[in-house]
Amino acid sequence: MANYVPTQADEEILTCLSERRSFSVVAGAGAGKTTSLVEALRSLIRTDGPRMLRDGQQVVCITYTNRAARVISERLQQNPLFVVSTLHSFLWGEIRHFQKSIRESLRCHILPGHIAKQKEKDNGGKSKAAIEARGKVATLEHALQELDSVPFFRYGDDTPFSDYLLGELGHDDLLLIASDMITTKRALSQVLGQKYPYFFVDEAQDTSPEIVNALNVICSGEGPPIIGYFGDPMQQIYDEGKGDFAGPPGSETVTKVENFRSAPEVVTLLNAFRTDVTQVPAGKNASEIGSVGLILARSETPEEPRRRYSEAQLERATRRLDEAVERWGWAVNTSAKQLFLARRMIARRLGFLSLHDLFTGPYASTRAKNDYESGEHFLLKPLVEIVVPLARADSEGNTGAVLRLLSTKTVAFSAGGQYNKASIGKVKEIAKTVTKTLVGLFYSNKIGDVIRYCYEQDLIHASERLIKHLNRVPRGDVYNEELHSREKADWLADTFFEMRGDEVEKYCTYLDENTPFSTQHGVKGEQYDDVIVVFDDIEAAWTKYSFTKMLTPGVSGEAKDSQKERSRKLAYVCFSRAKRNLRILLFTPDPETAKSELTNHRLFEESQVSILG
């Protein structure tokens, strides 16, 4: 960076590198962790780069997302000294050839561990949890028994779940297997240490405890190899993360106190939420004028089952938000980012509430809900990846985009597809006919008709699960949780196939981030000039969080320790997205008492808090 000025923390990092000592960098939001990471990596080009390249060694930089990997690689100008990769990709690249050891790990540790956990959940009764646990135990024990019949294992990078008998390893199991192999196979840890004298881990707080332990095993001796963690325990918002992280014995802790992102008013609020790091506004932000405002609105008792708002209540909550925005004078501030804990209010505002309720309702498994959140559900993927983009390109008259989508995303129009020997003119003619038919079906027919047409025309890579649902007879019986819980996906698919495409199109608009709305988990790492945070425990319907209990325990009761920590960290992540102005709407059963509690505890100043009448 042309205007890069090293901080004291950056100097301490360079000292650790020169002394070959592992370290952990703890830094709050907006501290420039990525800049410190990249500059530390760049220093190795100068000090150790030629020798490592000569000896066939590289530096590993592990990131949490593919996007982060691309950003860091670009800032390093794709230098061959560095392996910049997500954790899962790196680990699989290192262990995938050791198929015998993978099988051994599954047999001796991973599957027995999963079985033991499920048995703990089974009290022998007839509760839903006990019945599900017994079913999972039976499935896992069968997989363990048949493990030797699996020819080889592969990493299914599109799912967190494993299908052992198909040889597919999901995200979570890959981490467990890799950490098990590294900690139990000394030869493997030694080879990794010889290949990679330096390990750097970005977003270390979201790295699993097993992996932190495994990496520390690799770097446990006199360095090299050494490891450098970069992260913020307060921004650990995923359950699989370790939160607090530290290197092997003898490693150094480096604290970075600057905040280069937020105005002083926002930084003051952030400091009220933590005690481990007291941030100081730095750079040009130190002189910026910002603001913080909190409005309290009275919450309602939910009228629907599962503690959900009714349609009327959701409408009233939405109106309260509009009133708050009006009071802040932000009604015309279309660039302000609005953050919600759950998608239901977003879905209502954008017009895909029925779709949202289907994929988060009683027919949806945990896996289905997760895949819906990411846009990866097998029922939705044909529409998200092909149908909706084609409809948009067609409506814009963008023939080039239509042909690119067909050639890159569909089977029939690919290089090896059924039209690969047709003339260019013929392909264009067929493409026009297929697109017009598909778009017409999408806007006038049921979703089931659209997906069947895609399947019949060989436009999609149809999974076995999708083909099964397309070919079977729809379920005619009424869904019963006790009788049908293991087959609930049938009711989900049948209901989805009967829907129209308009809500899916709006859902895709949301996925594409073409709206001012986002979930609070979805903005980690982002920053915006103006931010609106909405805390409504009822609307969110998540027992893991309670912002009213975290902020005002005197009004709403004490939160469980885990609930309080999750809520505090997620609130911190949300608040720290704001560069200039932060606005918060909190729904609470008693706004008047809540205001007194918040100001008495000095979380907010009296002038920052108001009540919506």
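Positions of Cβ are set from backbone N, Cα and C atoms, glycine also.
Annotated ATP binding site per TrEMBL: Ala27, Gly28, Ala29, Gly30, Ala31, Gly32, Lys33, Thr34, in sequence order. Here TrEMBL flags 6-276 as domain 'UvrD-like helicase ATP-binding'.
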Tertiary neighbours of Gly30 (ATP binding site) (same chain, Cβ under 8 Å, six or more apart):
Asn259, Phe260, Arg261, Ser262, Gln279, Asn285, Gln527, Ser576
Which secondary structure state does DSSP assign to Ala27 (ATP binding site), in the simple three-class scheme?
strand
Can you tell me the three-state DSSP label for Gly32 (ATP binding site)?
coil
I'd like the Cβ neighbour count for Gly28 (ATP binding site), meaning other Cβ atoms within 10 Å of its Cβ, all protein chains included.
29
Could you tally the C-beta atoms, other than its own, that fall within 10 angstroms of the C-beta of Gly32 (ATP binding site)?
22
ATP site, defined by Ala27, Gly28, Ala29, Gly30, Ala31, Gly32, Lys33, Thr34: further same-chain residues with Cβ within 8 Å of the Cβ centre:
Asp232, Lys256, Glu258, Asn259, Phe260, Arg261
Going along the chain, which residues six or more apart from Lys33 (ATP binding site) have their CB under 8 A from its CB?
Val25, Ala27, Asp202, Phe230, Gly231, Asp232, Lys256
Restricting attention to the domain 'UvrD-like helicase ATP-binding' (6-276), give the mean pLDDT.
93
Sorted by position, what residues of the same chain at least six away from Ala31 (ATP binding site) have a C-beta under 8 A from it?
Asp232, Lys256, Val257, Glu258, Asn259, Phe260, Gln279
Using Cβ-Cβ distances, find the residues under 8 Å from Thr34 (ATP binding site) that belong to the same chain and are at least 6 apart in sequence, listing them in sequence order.
Ala68, Val71, Ile72, Asp202, Phe230
Can you name the residues of this chain that are 6 or more positions from Ala29 (ATP binding site) yet have a C-beta less than 8 Å from its C-beta?
Asp232, Met234, Gln235, Asn259, Arg261, Ser262, Leu270, Gln279, Tyr572, Val573, Ser576
